[in-house]
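Asks: Take this structure first; my questions come after.
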């Protein structure tokens with residue numbers, strides 16, 4: 001219970017601060033919770049963690065999106081330009097995920113988390129020198145972002161925010177737009193993982209496909225409470241310091257996930 005509350009609080013704060021869905025925290029937290037309770041996963045632990053993460057993020061991202069909307073921090077033109085491609089990519093990722101081995105999904109998560117951590121620690125920010133690309137390029141980029149988000153279990157903020165900044169969108173509006181897009185990805189990912197897991201035998205009791213329902217309510221409640229706090233803090237705190245703290249946390253998470261991969265090999 002305490003672990004779920006803490007994980008939800010951290011995920012909610014990060015969702016509001018950085019425009020992410022919180023999946024980088026939720027996925028390893030759900031894995032840890034399931035392991036501590038000896039929940040049988042039959043080789044689908046990562047799939048269940050990702051699906052459950054998306055189910056939680058439906059509420060998290062809605063909370064942070066509403067807070068960003070009230071601050072008028074959503075660039076709706078960019079939102080509507082990217083949303084269809086992200087949905088397509090998230091559907092493809094969810095369908096493909098059921099055929100990807102558990103350890104492979106964990107390795108993908110480790111690589112992605114490490115990449116984001118290094119970028120945060122080095123404060124690598126793209127120069128705002130371009131505009132949103134043409135439709136066919138935007139579809140390709142959005143679909144790729146959606147697929148990767150779906151395989152990792154994230155709302156896509158760590159991909160979308162730098163891209164929008166690169167396209168000359170103010171950082172606060174980029175974060176707000178990413179929150180709104182993360183909500184779309186979360187809904188699509190949750191539905192996709194639920195359907196993908198329906199045909200898989202021997203999943204834990206109280207599972208809806210690849211969504212382990214018992215962890216969803218408490219995590220969702222705490223993330224919804226803390227996401228608006230993160231939004232308010234994002235407009236007040238120093239971005240470089242926040243990024244470094246986030247980077248250190250992600251390196252720790254990636255290291256723990258890698259140890260889990262080796263331990264189960």
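Every residue gets a Cβ built from N, Cα and C, even glycine.
Heads up, TrEMBL stuff is auto-annotated, nobody curated it.
According to TrEMBL, the protein has these features:
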- 43-62: transmembrane segment (TRANSMEM)
- 74-97: transmembrane segment (TRANSMEM)
- 103-125: transmembrane segment (TRANSMEM)
- 137-160: transmembrane segment (TRANSMEM)
- 180-198: transmembrane segment (TRANSMEM)
- 210-233: transmembrane segment (TRANSMEM)
- 245-263: transmembrane segment (TRANSMEM)
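Explain the structural surroundings of these features, please.
Replies: Among residues of the same chain six or more beyond the transmembrane segment (43-62), those with a C-beta under 8 A of the stretch's C-beta atoms are 8, 11-12, 15, 21-23, 26-28, 30-31, 34-35, 97-98, 101-102, 105-106, 109, 150-155, 179-180, 182-183, 185-187, 189-190, 193-194, 196-197, 200, 203-204, 207, 209-213, 215-216, 219-221, 223-224, 227.
If one looks beyond the transmembrane segment (74-97) by at least 6 residues along the same chain, the residues whose Cβ comes under 8 Å of a Cβ in the stretch are 47, 50, 65, 68, 105, 132, 135, 138-151, 156, 160, 164, 167, 169, 173-174, 176-177, 179-181, 184-185, 188-189, 191-193, 195-196, 210.
Long-range Cβ contacts of the transmembrane segment (103-125) within its own chain (Cβ-Cβ under 8 Å, at least 6 residues beyond either end) map to 24, 27-28, 46-47, 50, 97, 148, 151-154, 158, 162, 165, 240, 243-244, 246-251, 253-254, 257-258, 260-261, 264-265.
The list of residues near the transmembrane segment (137-160) in space but at least 6 beyond its ends in sequence, with Cβ under 8 angstroms from a Cβ of it, reads 15, 18-24, 26-27, 49-51, 53-54, 57, 60-61, 81-94, 96-97, 100, 105, 108-109, 112, 116, 174-175, 177-179, 181-183, 185-186, 188-189, 192.
The list of residues near the transmembrane segment (210-233) in space but at least 6 beyond its ends in sequence, with Cβ under 8 angstroms from a Cβ of it, reads 1, 4-5, 7-18, 22, 26, 29-30, 33-34, 39, 44, 47-52, 54-60, 62-64, 66-68, 71, 97-98, 190, 193-194, 196-197, 200, 203-204.
Listed by sequence, the residues of this chain that lie at least six past the ends of the transmembrane segment (245-263) yet keep a Cβ under 8 A from its Cβ atoms are 14, 17-18, 24-25, 28, 31, 103, 106-107, 109-110, 113-114, 116-121.
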Asks: Using a Cβ-Cβ cut-off of under 8 Å, list the residues of the same chain that are 6+ residues beyond the ends of the transmembrane segment (180-198) and lie near it.
Replies: 15, 19-21, 44, 47-48, 50-51, 54-55, 57-58, 60-62, 64-65, 68-69, 74, 79, 82-83, 86-87, 90-91, 93-95, 97-98, 146, 149-150, 153-157, 160, 207-211
